[in-house]
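Accompanying notes for the structure given below.
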């Protein structure tokens, strides 16, 4: 990946300056290669001064010492981001040449992220003086959103102001490391670069080196635990967690348990304390308990680590499980510690009486679990022990104890799977279809996922804006004939929503909604007038964006139609209560209200206020349902809930919220798999045993609140993405609309220099058939198979098969368009 033509890179060379202001200063900082130059003897790790070489200003590189680790710093790279090459830009450019740093200059904001990801500069200097020409803080956030920028130093050049300074918090919150008050003097810029190189850059280099240390700890077969001076667990490697039976990360931040010690162990604690409090490591054998309560014998080495102020700041415990045949004998020894610390100024002088006896070691020296009292870890166990997943893990741990090696290894793999956070989400490996993998990841993630695509340019009609020429109907008896004809067969699955869209001038929701709600007796249940319901529909539809190709009121009407169709199926009518039907129809109506035509990932990457408000979690879904209730409740003329009893309203509200949140794709596989395991499989099992006797059991099982919630979530999910199950022409039109909306998002991401969440939806490189095939394969088929098994929807499944064959046929012909070329 290369940089744009406007970016110029200086070659690595030594420059001589005879200018009076460019006085030669020779400092040991990260540079091109070791040379014979003068260095400051006062700086740590620098050699003695040497004679100047004809006044030439040179900078050399030095090895960096980090504890016992020593590594080499490559030539430092600097990226200058200025909209114009003024004196300040030139000052930094000349300073880079003077220091021998590689320098890249870019004047085009849209090329910055690409250039940075290509070169991975150590320092980025951004011009923050002219916000109208360049939004420096947004650019900085964009850079920080890249995983490669974690150790990059970003400097903002600001104006020199005479008035009182304001807080730097917004500046730092944007991701800047420090600021530089404008000063075009070359030596001022040079000195700034030297300070950065010897300070922040070197510190970041050491932090990067920590990755290798943590890798060694993570892969070590020895169990290692690190605690603070107050015995708060700061780190436990996988070997430790596996040895003690804990889940990954479960112990971090927890205080070690305070456990009563029996009399036989008192001498052991005294021996440990006598060692560690005088900066000596202790090594010996003692007993401890695993999470499941089993006692194990361990060979333990406890090492105190001296830190700031010459005091003990950490304890490192290295543990090996002893062979079960060993005798229970405790042997201890003190060894003078020679571990490297971050402060060698002095030894530990503060011998705290309670350094280990009540916390770190005491939790490991108890032989009887009944002696446990109200310690922090015991409280944690009491909270978690009732969790079903914890019970499963404990049972598997117990089964491993006396199992053969192959069985133990297989159970370990089972535990690894159970300990993942996404138990219901599929995991893809390198052999999977990259296109499908990227599509699935992009639709299910609030973070960044990369896609690939093929060539395609969509030619679709521009939808006209919402028209006000069509009068709002006073009642269902006041509907114009053309619209009445368009909604005549709305109870049928093959109902043409696009015909209604044209007839209503892009206002299908209010007309379809009034008829559907009347069919289900919504006004009677809500105890509201048809006038109130009509005003509510008008208000909701006006908050859908008609400018969106896909997420507009036509999509809402389509989802409402599908939901009503599902509610009319016999199995659903037998299962759901009246309030469930009402909740489902309202949820379908409002499920995408005020949708901006952009994905959750886009809003999170752009720092949108909704993403901030909802903590980057289910951003749009939370907004849709919250806004729907806000708009409804703040206006009496639209408040369809006004006459409801308090308890009924709260039940209805909770059900609506639950259904709208279920449309978030990050939980797709969780909802589908729960439905299969909790509804489909029990039904199949009961029906196959004794059909007559199990009929009542089946009804009772389906009527539970948990089962009804699963069914309602599945219903709105299927209604929301039912496009591939519609007649072919409808399916093609929906594919065109969603593709155009995603194309528009990709265009805007590139324009704003944001991470491109779905590169597969580039209007110049997209294969619509491939995207539809992947979507059907990974999201639609299994879900509708499960839904069909419960509801019985043969017509939908036939459409799904026909549409899949259509897209497959286009793809096999290497076509990227919506339709084959005319013959």
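Don't overthink the numbers, they just go from 1 along the chain as shown.
For all residues, glycine too, the Cβ spot is worked out from N, Cα and C.
Listed features, source Swiss-Prot:
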BINDING   555, 591, 592, 720  divalent metal cation 1 binding site
BINDING   592  divalent metal cation 2 binding site
DOMAIN    209-280  domain 'PAS'
DOMAIN    283-325  domain 'PAC'
DOMAIN    475-814  domain 'PDEase'
MOD_RES   355  phosphoserine
MOD_RES   382  phosphoserine
MOD_RES   452  phosphoserine
MOD_RES   456  phosphotyrosine
REGION    1-55  region 'Disordered'
REGION    338-373  region 'Disordered'
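Shown on the structure are the features that Swiss-Prot records.
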{"residue": "555", "record": "divalent metal cation 1 binding site", "DSSP class": "helix"}
{"residue": "591", "record": "divalent metal cation 1 binding site", "DSSP class": "coil"}
{"residue": "720", "record": "divalent metal cation 1 binding site", "DSSP class": "helix"}
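Apart from 555, 591, 592, 720, the divalent metal cation 1 site neighbourhood in this chain, defined by C-beta within 8 angstroms of the site C-beta centre, holds 551, 556, 559, 588, 595, 663. Listed binding-site residues: 592, 720. The one with the lowest count of other Cβ atoms within 10 Å of its Cβ is 720. Listed binding-site residues: 555, 591; maximum Cβ neighbour count within 10 Å falls on 591.
Sorting the domain 'PAC' (283-325) by DSSP state (H, G, I as helix; E, B as strand; all else coil) yields 3 helix, 29 strand, 11 coil. If you average pLDDT over the domain 'PAC' (283-325) in this model, you get 75.
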